[in-house]
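Asks: Okay, handing you the structure first.
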């Protein structure tokens with residue numbers, strides 16, 4: 001696929017606990033994106049500190065790491081045309097109060113501290129996050145049968 005890119009999406013502990021994993025995956029699949037990798041894990045503090053290293057000096061950093069370490073997460077890599085930008089639109093605003101209905105956060109969240117999902121904010125950060133959470137051999141290449149019906 002020409003100009004395909006990848007993004008990192010993580011369903012946070014509150015999204016897992018609330019049983020929203022299937023709904024979130026469904027939305028990305030129905031949009032036409034291809035799942036490249038997925039794992040269900042209890043993220044270590046070390047991994048989370050690396051993931052959120054850009055926020056390490058912010059006052060909410062310790063609470064963010066604690067929250068993300070409080071339960072299992074679903075880490076995923078999705079691929080498709082403009083998947084980073086489109087994925088962010090699908091997620092909604094970081095603050096659910098600013099998210100439109102029809103977005104994941106607009107439909108399922110109330111507070112910014114429990115916003116159920118993370119998505120890469122740029123192609124560069126997606127590459128960094130994918131490399132942090134996944135080994136190269138965990139990224140699976142395949143062509144979905146609907147591929148030719150989604151892309152020109």
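Using the three backbone atoms N, Cα and C, a Cβ is placed for every residue, glycine included.
Here Swiss-Prot flags 118 as active site, pros-phosphohistidine intermediate, drawing on similarity to another entry. What Swiss-Prot records for 12, 60, 88, 94, 105, 115 is ATP binding site. For 1-66, the entry in Swiss-Prot reads region 'Interaction with AKAP13'.
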Asks: Using C-alpha atoms only, work out the spacing between residue 105 (ATP binding site) and residue 118 (active site, pros-phosphohistidine intermediate) and round it to an integer in Å.
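Replies: The separation of the Cα atoms works out to 10 Å.
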Asks: List the Cα distance (Å, whole number) between residue 60 (ATP binding site) and residue 118 (active site, pros-phosphohistidine intermediate).
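Replies: Cα of residue 60 (ATP binding site) to Cα of residue 118 (active site, pros-phosphohistidine intermediate) measures 16 Å after rounding.
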Asks: Roughly how many Å separate the Cα of residue 94 (ATP binding site) from that of residue 118 (active site, pros-phosphohistidine intermediate), to the nearest whole number?
Replies: 9
Asks: What residue among the binding-site residues 94, 115 has the most other CB atoms lying within 10 A of its CB?
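Replies: That would be 115, with the highest Cβ count within 10 Å.
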Asks: Taking the Cβ of residue 88 (ATP binding site) as the centre, count every other Cβ atom within 10 Å, in any protein chain shown.
Replies: 18
Asks: Can you tell me how far the Cα of residue 88 (ATP binding site) sits from the Cα of the residue listed as 'active site, pros-phosphohistidine intermediate', in Å?
Replies: 9
Asks: Assuming the binding residues for ATP are exactly those in the record, 12, 60, 88, 94, 105, 115, what is the maximum CA-CA distance in angstrom, rounded?
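Replies: Greatest Cα-Cα span of the listed binding residues: 22 Å.
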